Amino acid sequence: MRAKKYIQQILENLESKHSDKPEFLQALTEFFPTLEPYIEEHPEIEDYNILELIAEPERLIQFRVPWEDDEGKWHVNLGWRIQFNSALGPYKGGIRFNPNVNENILRFLGFEQTFKNALTSLPLGGGKGGSDFNPNGKSEREVMRFTQSFMSELQKYIGPDRDVPAGDMGVGHREIGYMYGQYKRLNRPEPGVLTGKPTNQWGSFGRTEATGYGLVYFAENALWNHNERLSKKRVVVSGTGNVSTYTVEKATQLGAKVIAVSDSQGYVYHEEGVQAETLKKLSKRGRGALKYYTELYPEAEYFKDKSVWEVQMKYDIAFPCATQNEIDREMALNLAENCKIKALFEGANMPSTDAAIEVYKEKNILYGLGKAANAGGVAVSALEMAQNSQREQWSIEEVDERLQVIMKDIYTLCSETAKKYVGDQDNLQAGANIAGFARVAEAMIQQGLV
Ligand SMILES: NC(=O)C1=CN([C@@H]2O[C@H](COP(=O)(O)OP(=O)(O)OC[C@H]3O[C@@H](n4cnc5c(N)ncnc54)[C@H](O)[C@@H]3O)[C@@H](O)[C@H]2O)C=CC1
Ligand SMILES: O=C(O)CCC(=O)C(=O)O
């Protein structure tokens, strides 16, 4: 009761303080109420007012990013780095280039990253960054000039033991390569300052695949616990980007059939099964290339301007891997009542609204929330940091083996924590939130509330 009142009071304070930041508030309202049984058992959380402290980033850096287009016209975008929490290690988290990036989006991402990173048990704090730059339709040279300008400012605030960015939406090998080059030009060669680097530049083998593969390993562990396997399951994956492509690849390798995928312009339904190789081939044709899928497979169907979560076909498992809030209550009801899915594992960050999560619970859908299920990417980033500091490069087999162990351990931690605090090993949402929070909060208290 005491804990519930404390949580409510803090949420009210934060709602009035941040009323202009809906996604950030959503991340807080998804998280704090699940901590009640832990806070009930740990009065020091309220004594030190940890909730209010943990909700605010340690530092929020905003800067301007001037860049010149191919016609010689100058533009200015905004850039940010949110250094959210360093209790467990250097700030760590991706950089997102997308026109909808703003302080609100980056606060939600940085907040979630802090607890996700804690679940990996690796020495990582939480951070996030990005820009409202839209890479769509930009030439290679424009992306290079923009990215160099972005790094010219960002480099003042990062370092291998201080803050280590990586990729996220709109930022892949190409952009990380340009960022590393610019960092090196302005400082010195320090490969550990960024992760997700190309493998010929001290990148880790397996980082590109890690979030998608890790998501599938997490799912496979959760299914094993119910005497189920991915093999022969019908699966739907949203997105066709990095996380989606490697989710499709690993799920297919484990015997599942991916019957639909999407991008921001529509979705494809292909009863014979979507292959990752096809998505890789299409990605070379630029963004929105899913519309060309039926040129390769005339028996498939393409639905323009439709969400893949509107599919009414029966299938077993959903993997949302595109973006935040892609599944609302109505779509969740469709997943439960028409598609009759048994499980949903989040590759994207916060792809489900709070109302959608309520539906998963009401309808007994096994729910693996993003903080736990998509932690494989950042975990392999931590392995990349370790390789960089040892001046080593491990084989893909070694990295993949470690990733499998990490995802199994994350699943076990979530499910055991859930059993301990809410008496339900399948409440992976409570398990992940409590386990991640406990690690960060304990370290903050040990360090004198910094
Ligand atoms: N790249 C990584 O290692 C990690 C990424 N994530 C999260 O996974 C999600 C996807 O990230 P990436 O695959 O890296 O990005 P990406 O840029 O490679 O791919 C994003 C995909 O989402 C689709 N998409 C974007 N907006 C959409 C919308 N409104 N509706 C439907 N589809 C939409 C795009 O068409 C694209 O296929 C994001 O939420 C990201 O934060 C989470 C953990 C690690
Ligand atoms: O690899 C990283 O450092 C960050 C990955 C990321 O941005 C995420 O987990 O959402």
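Glycine residues also receive a Cβ, built from the backbone N, Cα and C atoms like all the rest.
Where the annotation comes from TrEMBL, it is an automatic prediction and has not been curated.
Keep in mind the model is a prediction, meaning the values are calculated, not measured.
Here TrEMBL flags LYS128 as active site, proton donor. Residues or ranges marked as substrate binding site by TrEMBL: LYS92, GLN113, LYS116, GLY167, SER381. Among the features that TrEMBL reports, NAD(+) binding site is placed at THR211, ASN242. Annotation comment: TrEMBL describes ASP168 as site 'Important for catalysis'.
Comparing Cβ neighbour counts within 10 Å across the binding-site residues GLN113, THR211, ASN242, the minimum falls on ASN242. Within 8 Å of the centroid defined by the CB atoms of LYS92, GLN113, LYS116, GLY167, SER381, the record's substrate site, lie the Cβ atoms of GLY93, GLY94, ASN117, LEU124, GLY126, GLY127, LYS128, ALA166, THR195, GLY377, VAL378, excluding the listed residues themselves. Each residue contributes its Cα atom, and for GLN113 (substrate binding site) and ASP168 (site 'Important for catalysis') these two points are 12 Å apart.
Non-local contacts of ASP168 (site 'Important for catalysis') by the CB criterion (under 8 A, 6+ apart in sequence, same chain) comprise GLY93, GLY94, ILE95, ARG96, LEU109, LYS128, GLY130.
It is 15 Å from the Cα atom of THR211 (NAD(+) binding site) to that of LYS92 (substrate binding site). For ligand 1, the neighbouring recorded positions among LYS92, LYS128, ASN242 are ASN242, by Cβ distance under 6 Å. Long-range Cβ proximity for LYS92 (substrate binding site), meaning a same-chain Cβ under 8 A and a gap of 6 or more residues, is found for GLN113, ASN117, LEU124, GLY125, GLY126, GLY127, ASP163, VAL164, ALA166, VAL378, SER381, ALA382. The full span of the recorded substrate binding residues, LYS92, GLN113, LYS116, GLY167, SER381, taken as their largest Cα to Cα distance, is 16 Å.
Around the Cβ of LYS116 (substrate binding site), the same chain contributes GLY126, GLY370, LYS371, ALA372, ASN374, ALA375, VAL378, GLY436, each under 8 angstroms and 6 or more positions distant in sequence. Proximity to ligand 2 (Cβ under 6 Å from any of its atoms) holds for these recorded positions out of ASP168, THR211, ASN242, SER381: ASP168, SER381.
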